[in-house]
Structure formats: structure tokens, C-alpha cells
2 protein chains.
Amino acid sequence: MLSRTHQCGQLTKANVGDEVVLNGWVSVRRDLGGVVFIDLRDRSGIVQIVFNPEFSTDAHAVADKARTEYVMAVSGKVVERDPETVNANLKTGEIEVRITAAEILNAAKTPPFFIEDGIEVDESVRLKYRYLDLRRPEMQRTLILRSKAAKLFRDFLDDNGFVEIETPILTKSTPEGARDYLVPSRVHPGEFFALPQSPQIFKQLLMVAGMERYYQIARCFRDEDLRADRQPEFTQVDIETSFLSQDELLDMMEQLVVRLMKETAGAEIERPFQRITYADAMGKYGSDKPDLRFGLELVDVTDLVETSGVKVFADVAKKGGQVKALNAKGCATWSRKEIDDLLPFAARYGAKGLAWIQVKDGEWKGPIVKFFSEQEIASLKERLGAEEGDLLLFSADSKKVVADVLGNLRLKIGRDLGLIDDSKFKFAWVVDFPLLGYDEEAKRWVAEHHPFTRPKEEDVHYFDTDPGQIRAQAYDLVLNGYEVGGGSMRIYKREVQEKMFAALGFSKEEANDKFGFLLEAFDYGTPPHGGIAFGFDRLVMLITGRTNLRETIAFPKTASATDLLTDAPGEVSDKQLEDLSIRLALKAPAAK
Amino acid sequence: MLSRTHQCGQLTKANVGDEVVLNGWVSVRRDLGGVVFIDLRDRSGIVQIVFNPEFSTDAHAVADKARTEYVMAVSGKVVERDPETVNANLKTGEIEVRITAAEILNAAKTPPFFIEDGIEVDESVRLKYRYLDLRRPEMQRTLILRSKAAKLFRDFLDDNGFVEIETPILTKSTPEGARDYLVPSRVHPGEFFALPQSPQIFKQLLMVAGMERYYQIARCFRDEDLRADRQPEFTQVDIETSFLSQDELLDMMEQLVVRLMKETAGAEIERPFQRITYADAMGKYGSDKPDLRFGLELVDVTDLVETSGVKVFADVAKKGGQVKALNAKGCATWSRKEIDDLLPFAARYGAKGLAWIQVKDGEWKGPIVKFFSEQEIASLKERLGAEEGDLLLFSADSKKVVADVLGNLRLKIGRDLGLIDDSKFKFAWVVDFPLLGYDEEAKRWVAEHHPFTRPKEEDVHYFDTDPGQIRAQAYDLVLNGYEVGGGSMRIYKREVQEKMFAALGFSKEEANDKFGFLLEAFDYGTPPHGGIAFGFDRLVMLITGRTNLRETIAFPKTASATDLLTDAPGEVSDKQLEDLSIRLALKAPAAK
């Protein structure tokens, strides 16, 4: 076999005159009057190679047999193309290679789809033939960028004294949270390992172990019902530090993200990132992961409408709900139908109705206008900054429903009106998450993050009076409306941990049952610590402008958690089950 | 909390006069006449800090309460120690820090063992309290070196155009090889994922996918009965390339290993590495992973003894077995008891006896000497280089038993005689492994490596005549008697693959059943490719001079595949099993 000297996509005018050996796949083959032109493709790109019997009859005979996706080794001389045949769309378009020796390394059947960017093929076909799908340049670029992003994370963390430590994949089922994947133990019949949902416990133990700065690009597993942006196994950049404050950690992570975005997306991200409290994010954007590339903020008008004649507004206000509005600038021109079409969208998020006012021809128009006093209209006008041409949309309901409805309407209208600059990467930290949420069904407080999340010092006294008021030292990193990271400072003082367990209603025994060895570890000199985990798949998705996580993963699973390429999961032998001391317990199919 | 300015182990005379803030754990605390001296430890090392009421009564009062393994934040001034109190054993031994402010960040119970190097504590206690065990400097150094080694692998591979690609952990059970760990699927009742024994199939698919150079530091799983140097989950540096020959790949891997050893162990390794064929390794050292730090080679004397009066030698030679000898230089002085003590050792490897000859006082002595002719003694003397003072040890049996017996005796005697330089790293490639081995029980040929291993071109013709003669393009990297890496060039031509399957006795249907989608993939333009995997845990073990893999893994499992820290595996709830459509099938305990 000829030994490669250059990569296809590398050749430029600077190589003219060079004798080169190339390896690659036949992307396109054309025969023009007895001269064969092949676009030869390797990972680096494409170059045109020319087989003319005048250069070599042997090589020409080989080219004659070559077909699409055949693998070839060729050698020849780089020459400048005639000016009229220069291909400006190709990096190598100013040159071609005159082939004097060629070998077919392997033949290929005709692929089920074209090996090129932007194909329109059912995703299930692409997944079944993933090894061909990954040959397409856009998939190769994505995987190469993913590799580069991982390298950038590692280089930065290494430069900052972090130690990469692997934690177990075969570990123990955790008492709370999402469903675990289980692994039966052969050596210990009746017992099971669990695949980790995250290395959370181990990373905290590593802080107890004095490792001070830990990271790992870790595989995590959740046996949950899947959505477009979930995978049963996913990758997170898992980080934990000792002796840093929240501000010090977030500052360091910002530097990391800025470097990452510059090197992968060529984007200059300004520091410090905006920090927005959870309360403000929910209030202004109806979301704890707001898309901050545009305004269109939610405005609370509850106080202005609680005595108004709009009965639903007044009722909601009296019952402790909220009335909030969006001012869709310039949308007063929308037809009645266009406005009405918003309702089914809003209903998806729980809206029972959607009130609106058009500011048009110097007047306020719409079904509810007549129920407002002049004074009410004046104050709404002022608070909403309502001007000629605006469309005001109102939602009145519980705080949660109003946030969901207007938060999602805001995104839809922002997109429809072209307010969102897709070339922009807008990062922000959402901070001060509530520590506890009240579970109405179980009638008890539950941890919003996890039971080791550290409360803000100034809120600790609320444990005794008003646990719902306690803000956590917890933070999410949001990018363009997606959560791309999140973490918290952890509790390290025994007395705070006891208050937390008391608030969650755990007796000492229950706490020990659930978290035994971790609590024991905390007794041996636990440093102040905290950390963060970045959703690596999602980050790569956003950097590469994709909208589907599967595009960023070499061998992903479908929404029903199957691998169409290997056909996993699959049946196993009775012997295998017997070895594991389990048997199947299949339910009879349910009657339809 | 005071914000850290320096790490403990970092401070030297150059810092004298600096005001510093340190965080760390109390390693040792001594009260000398009202002045408290604490050795404060963090990941970087230890520094002595001094609390004198003259510097600060508040800080001194805090130090009074501090106990071993308490976590502290302190600030003070670096001063030079009095010459008579300089501690030459400590990097920071020329200075100490006079503390003017101190805070106890957390208290600690008394640990179950000392947090220092070289403790003699039952390993099960260390594993149960792994978070304390990992606080010991030697464990921290090992994990930090492991992290550095991973970084060096990645940097080298990245510099050489390799793309890091993650492959699935939830994948499909493979038809052959070691036992798989299985994961029941909730979504697909009765079906199972398997945890990968290696990313073998995926890395070959990535070559079909045109990724050309892939690597991954991959977690692999084998549900095998464990030994000291096995873990149910282990880490390998997994590498695959297209368009490189075996020599090109091995050459590149040598450069990688040389860099790794220089940066982690400070060792200068010479290139090229010795390459020894499998046949020579077995012949000279009785092992396919020879320790080449010393000689003491096995010598074949079958031809010299087949007609001798030593009946067992003559019989073995006639039956196609082997008679081989070791010349233990200078061991003629061993007592009869010392020599006899070798027999139980040899018996462990299958020896039924062990013949010996002492060359002593100008004579050949020993029970078998009288059965040799003078001519036979002369030729044995010449071939074995036997001189005054030597002890000759003979094994006569099948090729395999002789190799096992003398190979292991060689190691034992080498060690006993101090022939092995433990400071030396001796790498070598073992090449030309046999492609096929004959399974006497199943009466068929089986793949020694795997069914996609490429035969040497010049041996392909043996498929039709003598499959046992075919040498594979397969190679192992050995270091000081351990296999630390291995791999092969893969078959990429359909006609060779068909010959291989025919030799293994697979019909086309069987081959498709077993390897369906991979064979299908190979039809679409597979490049010539091959790869290697390094056993990362074992490599780190050898670099750090350890003899137990568990010392190199943060949270290892015991020989019975349990995690003593988290107590995994464990029982799970009936609800969890029901969700997975399985139930337990425990056997009644066997009668004793």
C-alpha cells in the first residue's frame, strides 16, 4: 500500500509541483471524454484527482473500476487548475492532482443516502447506517468540535489545578430522584448495582478526601421517559472544588466558558456574565432559564387591576394569583384571527383564556377595555410603556401558570417577530434558587436541588419560621434559553445539615438510612465545597447550532431508548439470566 | 471565610515576609509550653504553622480547640525558622507561618487510621473509609499522577490528529468472550443492554465512518471471576487508526510511551523498543509477556537428550514434547533442601518433577547425571554454557507445561538472585501472535485475538493447508513482565474475512447472526485499519511502583466485586424489579 503523505483537504497552491500520496473515499466520479475526475474525500476535506491515460494507463484503468465510496490510495503530482476550472467553493479548488499510480483498497456497495451535508433522509435510516451518516462532513465537523471542546475543558481545568478522577459506573441505587438503570450481580445473587445518575456523591467524597479540585467528563444514566433533548446516557463535565466561595467558582467557570466559546465558535463572550436571581428570572421572563437575547419582559400589573371591572383579573388578584402582561411592540396590526390563534398555544401551558388590548389609531381596543376606568388605563399605559401600535397580552392565574403561559408566549412572539439574533450566545447565571419547595400532595418540604445544598447564610434563620423563604447557594448557567450547567455550594456544617433534614421531615434514623456513609464521611473534617456540572451534549448542540442532541453524539439512542445500529437492547440467553439469578416477569399484553 | 492565597506545600524561603492565607487539615498538633505548633496539610503538602499568644490571643485560642483532621483557615506571616529547628525532610522545612488569625472551618472525629504514608491497616478498612485513605499523601500523589498520565495520552493523541469520541455504555450483548454485565430495559420488557467489554465494534465502525483516527479513555466491564489484577470495571486507552501499517502505528505508539514515561516517571526510554516474536518469547522466556530486565533464558535441549538414558526425557522427546533447561548461574551452592523447595513451586504450573544438575568441584552432580553419556554431557555443557558453580534445572513435558514451569521458575530465580533492577522500565513489543488456536474440546479452530484480526499477508495461503501456521498482525506491548497494551491490524477485505470465517467453521448465516451489522458496515468502503488498547490502570500501577491495581483507582471494588464504601451491590425494591419486568430466581443455598 502507498503510504499517505498529505490529507486531501490540505492541498493548496503552495503544494503545486509536489508529489503526493493520498488516501480516501470516492465522493464523486465523472468520466469526461475518457478522462476520469474523482473528488477524493478524507476527514480533512475533498480534492479533485485526475486520471488521464496520458499520465498513466494503469492508474486510469484502476479509476475506471472505482465507484462511489470506494476506498483508494493514489499518488501523483499537484498542479494548478486552468483558471476557468477553478472551483471557488472548494478550499482545494485552485489545484488538482494528476494521478500516476492508484490502488483500490476496498470496494463499496451503493450507500442508502448521499454522503454529503444537508440530506433529507429519515433519521431512523441515518441512525441504522450511522457509520455512513458519520462520513458526512457536517457530522465529522460536529464530532471533531466535540472532541476539541472536551480538550478545552480539560486543558483549562488542568491549568487551574483540577485533577481528573474517574468514579464508578457500577455503583449503588440511590433512594431518591429519577429511575436508576440496574445491573444484576452474578457474584451476589439478588443484589444489584445501579448506573450513576451523576457522580454527585463521589465528587463530594473526593472533597472530604482532600482532593480539593476534581473534574471528570462523566457518563451519566437516567432511565426516564425520553424527550427530544434527553438521552438515557449522557455526558456531563463534572466539577467540584473546596475552599472557594460561590463567586470565586462562578468567576473561574466564566473564564472557562469564555475560552471555550472563543476556541470552538469564534465567539467573544463578555465577562462578567449577567447574574439574575431566580425571582427576577421568573418575574421578568417566566422561566428559570430565560433567553436573554431579547427583551419583551413580563410586567406585573396585579396591583393595578385588582379593583378593576375585569372580573377575572380582580378575582385572581384577590385569591393571591397574578395578573401579568406582555407588550408586543408593533403588533396592534395583528388581525383578530392572528390574536385568537395565540390561545391554543397558551392553553398548552395551562391558560384558560388570554386577554388582549390593541393600541391603535390613538385608542385602546379590545373586549376588556370597557371594564377599565380611565385611571386604570393611564396606569397600565405607564407601567407597560404602551404606545401607538402595541398589542398588550394579559394572563391571570396562579403565579406558576402565568409564568408558563407568558414565558412561552414571550419566546414565541420573540421568535415570530425576529427579535432573536441566532448568531448570538447570551450566557447568564441564574442564582438564589429557592432551597425548598412545598410538595402539596405529600404535605412536606422537599429539596429543590438536593438535600446537601447550602442555604444562603443570611437565610438560615428562616428554617425556624418560613422555610419557603430560604434561598440556596445554587446556580444555573443558561445560554439562549437552555440550561447548560448547574450546581451549588454544599452544606458542610453538621448543624446546618441537621436543620435541613429537620425541614425535610427526616428523623436522624431516616437520614442515616438514606445517606448513611456520606453523612459518616462528613464527620471526618469536611472542607467547605461546591461544584457545577455542565451538560456537555447540550453545550455542543448549541455551539454547533443544532436543535437535536442526537446530532452531537456518535452513537445515540432513539426516543424509545433503542440503538438502531446495534439493535440494542436485545434478548439474552436463559443461561445468562440463570447466572444472574433472575428470570423474566413479562406482563400479559394489556387488553385494548 | 478567609480566602486562600497560597497552598501549604508551596511555601519556601522565597515567601519569607509574605502575609499568607492557608486552608487545610490539621495533620499534627503539638503544644510546647503554651505555643501551639500545627502541621497544616493540603493537597500540595505540609507546612508548620505557629500559634503564639504573643502573635494573637484569638488565633491561639482557636488553635487550642483544633484537633487532628480539623479543617482550618489561617492567616499570618511567613518567617524563617531558627537554624536548629529547620526540618530537612519537609519541602517547607526552612520556614514556618506565624498565625495572627484563625478559623476552624469544620471539626473532625478521630480517624480510624493515621493519615500518612506507609500505614499498615487492613485493606478492607482503607476501602470502607476510602475518603480518609485518599487523604494520605501517597494516594493523592497516585491519583494526581493518574490524571497527568491521562492528560499526556490525550495531548499526544490530539497533537497527532486523533479525535476523542465517546461510544455507548448501554450497548448489546456480544455472542462470544467473557461474561457481560446486563442491564434490563424498562421500555422494552424482556430485553437487555450489555455493558461493553471494550469499544471494539464501535471503534471499527468509526473507521468505516471515515473518522480515520479515534481514541477514547474508555470504561470497560467484565463480569469475570476476579484476581488481584482485575476489576469488574477498568479503564483502557482505546485507539484506532486508518491507513497506517502496523509498523507506522507501533512507531507512533512508542513515541507516545516515551513521552509518557519521561513526564510521569522521569524515565528515559530508548527507541525503537525491542520487538520479539511470540515464538521467540515463548521459546526463550516461556511467556508471551516476558520480563526482559534480565536474561536467564530457557534453552531447548530436546534434541540432545532424546536418546539419553534419562527415560522421562527420552519419552517426552519421543511423544513430541519438550525438554528445556535453565542455567541458574552460581547456584550450585544451593543445598539439597533449597533445590527440593523449587518442586512445589514448579508443581503449581503443572510440573510433575524437576531434574537438576550441580556443576561443582569440577564435576556434574545430581541424580540424573549417571544416565548421560560423556558425549551428551559435553553437548549439554556447550549449549547451556555450563560452568563451575552453575545449577541446571530441567523440565520435560508438553510445550505448554515446560513454558509455564520454566517461565515462572525463571521469574522466581531472577527475583531471588536479585537479577531484576526494579528501577528499570523495559518495554518490548511481542509480535506475530498466532491467528488461530485449536480448541481440542470443541475440535475446531478459534480466533486467538478476535475474528477480525488480520493475518500476515505472507501467511494467508496457510488458510487452505495449515491454519495453525498463520501469524497475525497482532501485537502486545509488555513492560517488566506485564502486558500493558495490545491490539491488531483488522481484516478489511471481504475475501480474507470469508477465509477467516471458514477457518472458524462459521457458515455465512452463522457469521451474519453473530456479527450482522458489523459485516454489513464492512461492505460500504472500509479502509485498512487497526488499533491498540492500553490497560490504563495497570500502566499507572507500574509507573507508580505499585503491585495492586486497587491502589491506582479512586473507588475500586474488592476481589468479590463489592464496593465496601457504598456497600454496592445492594438490594432493590420490588417496585424497581416490577418496572423492569424481572424477578429474582434465587437458588436454595447448597447443602454443605
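Glycine is no exception: its Cβ is also placed from the backbone N, Cα and C atoms.
Automatic prediction, not curation, is the source of TrEMBL annotations.
ATP binds A:Arg222, A:Asp223, A:Glu224, A:Glu483, A:Gly535, A:Phe536, A:Asp537, A:Arg538 as TrEMBL records it, and from the list A:Gln216, A:Gln231 the residue named for this site is A:Gln231.
Feature annotation (TrEMBL): of A:100-103, A:148-151, A:200-203, A:348-351, the stretch labelled region 'Aspartate' is A:200-203. Annotated pair A:Arg538 (ATP binding site) and A:Arg222 (L-aspartate binding site), C-alpha to C-alpha distance, rounded: 16 Å. For the region 'Aspartate' (A:200-203), the mean pLDDT of the prediction comes to 94. Taking a C-beta cut-off of under 8 Å and a sequence gap of six or more, A:Arg490 (L-aspartate binding site) has these contacts in its own chain: A:Gln204, A:Met207, A:Phe452, A:Thr453, A:Arg454, A:His529, A:Gly530, A:Gly531. Counting only the Cα atoms, the space from A:Glu224 (ATP binding site) to A:His449 (L-aspartate binding site) is about 18 angstrom. A:Glu483 (ATP binding site) has a Cβ environment of 15 other Cβ atoms inside 10 Å. Distance between Cα atoms for A:Phe536 (ATP binding site) and A:Arg222 (L-aspartate binding site): 15 Å, as a whole number. Sequence-distant neighbours of A:Arg222 (L-aspartate binding site): residues of the same chain at least 6 apart with a C-beta under 8 Å from its C-beta are A:Ala178, A:Arg179, A:Gln197, A:Arg230, A:Pro232, A:Phe234.
A:Glu483 (ATP binding site) sits 14 Å from A:His449 (L-aspartate binding site), counting Cα to Cα.
Assigned with DSSP, the residues of the region 'Aspartate' (A:200-203) fall into helix, strand and coil as follows: 4 helix, 0 strand, 0 coil. Shown in sequence order, A:Phe433, A:Leu435, A:Ala472, A:Ala474, A:Ser488 are the residues of the chain, 6+ apart in sequence, with a C-beta less than 8 angstroms from the C-beta of A:His449 (L-aspartate binding site). Look at the binding-site residues A:Glu224, A:Phe536, A:Arg538 and count other Cβ atoms within 10 Å of each Cβ; A:Glu224 has the fewest. Within the set A:Arg222, A:Asp223, A:Glu224, A:Gln231, A:Glu483, A:Gly535, A:Phe536, A:Asp537, A:Arg538 that the record links to ATP, no two Cα atoms are more than 20 Å apart, and one pair reaches that distance.
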